[in-house]
C-alpha cells in the first residue's frame, strides 16, 4: 500500500452537488427480510427522480448478481458484501448522488462501520421496523418457510439475530399507514435537513 496514493479529482463532491441542486447522502434502509425495505426505498427513489433529483438505489439481491456474486452467506461473506456496498455507496455519494441502500445488515457493528466512512450527516439510517410476525406473514420469497423447516440456516430473525438500531435517524413500520404517507415522511425529513430543496419537493406527491 505504500506506493498507492489517493488521486485528487479536479471536480470535487461540492461542485457535483451544486450542479445537481442537492446535497448527497446515503440513506441506509435496514430491517428484517420482508420488512418492506426495497419497496419503501424504491418508492422514495421514484418520487425523488420524478421531482428531478439524482439518485441511485442499491438493493441487497441485485448486488449479488454482479458486484458480490462470488460471495455466499457465511458471516465473513456477509461482512464483505456490506463492505463492498459501503465503498460503492461512498463513491456514489462523492459523485453527488442521493444513494438509497436496502440491506438487512443485521448487526450494529456492520452499520456503524459503514456510517464511520461518511462525514457527519451524510449517513442516514432508516430502520424499517416492521415486526417479525408481519414479515413472516408476508414472506414474499418463501424464505421464512424454508428457515422454519431448517432448509435455510443462519436466517436473520429466525436462527440468527437482528440487532435493531439504537438511534436511527428515522424509524418506519410499514405495517402501519400507507406507502405514500411513509414516502412523504422521508421526503419531509430530507427537506428539513437540506438534502433536497423545497422548490422541487413541492412537486413530490
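Numbers run from 1 along the shown chain.
The backbone N, Cα and C atoms fix where each Cβ goes, and this holds for glycine too.
For reference, Swiss-Prot has these:
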ACT_SITE  105  active site, phosphoserine intermediate
BINDING   31, 32, 33, 34, 35, 36, 37, 38  ATP binding site
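Structure coloured by features recorded in Swiss-Prot.
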{"residue": "31", "record": "ATP binding site", "CB count, 10 Å": "30"}
{"residue": "32", "record": "ATP binding site", "CB count, 10 Å": "24"}
{"residue": "33", "record": "ATP binding site", "CB count, 10 Å": "22"}
{"residue": "34", "record": "ATP binding site", "CB count, 10 Å": "24"}
{"residue": "35", "record": "ATP binding site", "CB count, 10 Å": "28"}
{"residue": "36", "record": "ATP binding site", "CB count, 10 Å": "26"}
{"residue": "37", "record": "ATP binding site", "CB count, 10 Å": "28"}
{"residue": "38", "record": "ATP binding site", "CB count, 10 Å": "20"}
{"residue": "105", "record": "active site, phosphoserine intermediate", "CB count, 10 Å": "28"}
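The two recorded residues, residue 31 (ATP binding site) and the residue listed as 'active site, phosphoserine intermediate', have Cα atoms 7 Å apart. Same-chain residues that are not part of 31, 32, 33, 34, 35, 36, 37, 38 yet have a Cβ within 8 Å of the Cβ center of the ATP site turn out to be 102, 104, 128, 130, 135, 174. Secondary structure from DSSP puts residue 38 (ATP binding site) in a helix.
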